[in-house]
Every structure is written in C-alpha cells, then in structure tokens.
C-alpha cells in the first residue's frame, strides 16, 4: 500500500465510532478491507475473523490480533433539566474528561453532539475548587432544557454509547498523526495491512487475524475469540501509551519516533522470553527500530491468548500513542510502519522448528 492509502485507512479507523460494546462501524471497515484477500466471519460479540488462504491441519497457525474498541462512555440517566449522567467505558483519568465534545449515538444511528460539562468555577465553593472532580460531578449537555426534549427531539435513550468527537489529522511537517482511538485503531491498521501483505506471499503457516471487541472493559472479545481460534503463535498489535513527555530519558520505553515497543512484562502477562528474543533479534537483523518495555500497569489481549492452547507464545508489538485513554493522541507514522514491517519480518523468518522451541 502507498503511504496515502495507509493514511486513509488509519483515518477511517480513527474517526469510526466504536466504544466498547458498540464496535459495529469498525467491524464494517475491517470486513470491507479484508474481503478481497481473506475469508471473513464475525461472531455475536462483534469479533471479526480474517482467515488468509487455505488452512492445512499439519501447519502451525499464526494469529494476528488487535482490539477494535476505544474508550468512551455510556448514557446512565437523563436528568429533568435535560443533561445526561454517564459512566465510563474503559479507563479514564477524570480530570481529562470535562470540556470536551462528544457524540451520542442513538438507536437510529444518528450521532448527536454534546459537551462534557462540570460546575463552572463561579459557582464552586472554596472546598470544591480544591477537590479532584469525579465523573459523578459531570454531565453531558446536549443543549436541551428538559428530559422530554432529550427523548422526544433527539431520540437519546439510556444505554446509548458516547464517543469522543475528534477528527483525524495528518501533520505532514512532522510526519505525525493526531486523532482519537489510536488505542487500538493504529493496531487495527497494522493488523489489516500485515494480513494483506502476507496474503500475497507463500508461507508455511496458517494465517488468521482477529479484530476483537471489548478489550478496554476486560479483554472480553479475546476470551470469546480463543474459543474459536486455536493458534500456535500470536502477534498482538497495540496502541501503547507513550512515555516520552513525562519520563526521564533513562525511563523512556515507548517514545515517539523510536520504533515500536516490545513489551516484556505488565500486570497481566510475562511475555514468552524465547519468542520475545526472536522478535528482538529479527528487528536487529533487518535494522528495524524497536523499544523494550517493562510496565507496572496495563494489560493486553496477549494475556488472554497466552493462557490458551498449551500456553500460546505471544508478543505485543505496540505503536506508541501519546495521551492514550484521552480524547486526543499523537502517533508517528514511522513507528506505525516499523511495527508492521517487524511483524512481516518475523513471519518471514519463522520456522515450525522455531515455534516448537518457544
């Protein structure tokens, strides 16, 4: 794919509405893109399965995974004054939430604009000004003055998903992308492009991709997917949190324009050290930039996959995302390309004997 085509794919994925449990728009993009080179199916939780070529029982199966959902919110209640109470879908830091635009997606498919509001400082007591706000202190304002207006004129209902209202931009001067949902739509783009490239090559493996739902609320899609796919090896693409704006230099392990991150450890998984070593050696062999990380928080679908089918060797290839789990993020295009290139190089250099040694 050309750079222009890659950027267009990333833009479509980033702009798509797909908070946890409501990933339909992202699913549609994945199915449309992969249909020419894969057998595509989906399940009831909205996982997408993309099977490349004819699978043979005697060949090892390599799984490529990325999660389709993004962090967002859900309408909890409609107040008499026409504002909305809401709850988070995924992990948010409350002080990053207020004063941003959102879209409420109704059952008709219409998206209604709104603003996340909190009490203005003019009306706060001294004690309130010193307190850290919580989501309970906030509402979504859709410009109504009564619950009846919200329901009858805007068709908003309890349970409607709420999506950050952000549009993708490519900043040519710095070769950086700005947008929402790069955790994990940048991983989704890696997954789709990697499958497309590998579909055009001969390999000695069965290849399948899963774009899994509801990762941000507990890796639920991956849990379901592993009932349907029995891989021998897995590569998990992620939009991982970048740490280069608030860390000392010696602690930076996922900075922009330093290459993709290979995660050794987080609270959910100790990465298979033999497969991890193979991935790092592959990056060195082909001169691909790479960062190595150990994290005291976070978790990925790799943890779920790793605990299936005799302990599937799984690595996480993360594309650094500044300000993940907020409305906006930055991603460097070169990191995206290097992540995809590393995955392809790993498959090209893999053998069945190597997988058995992992």
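Just so you know, glycine gets a Cβ as well, placed from its N, Cα and C.
Of the residues proposed, 175, 183, 266, the one TrEMBL records at the same Zn(2+) 2 site as 216, 325 is 183. The Zn(2+) 1 site in TrEMBL is built from 67, 183 plus one of 5, 11, 238, namely 238. Classification of residue 325 (Zn(2+) 2 binding site) by DSSP places it in coil, neither helical nor stranded.
Over all protein chains present, the Cβ of residue 183 (Zn(2+) 1 binding site) has 27 other Cβ atoms lying within 10 Å.
Calculated from their C-alpha atoms, the gap between residue 215 (active site, proton acceptor) and residue 67 (Zn(2+) 1 binding site) amounts to 6 Å.
Taking the Cα atom of each, residue 216 (Zn(2+) 2 binding site) and residue 183 (Zn(2+) 1 binding site) are about 9 angstrom apart. Here the binding-site residues are 67, 325, and the one ringed by the most other CB atoms within 10 angstroms is 67.
The Zn(2+) 1 site is set by 67, 183, 238; from the centre of their CB atoms, other residues of the chain with a CB within 8 Å are 66, 184, 187, 215, 216, 237, 239, 240, 300, 301.
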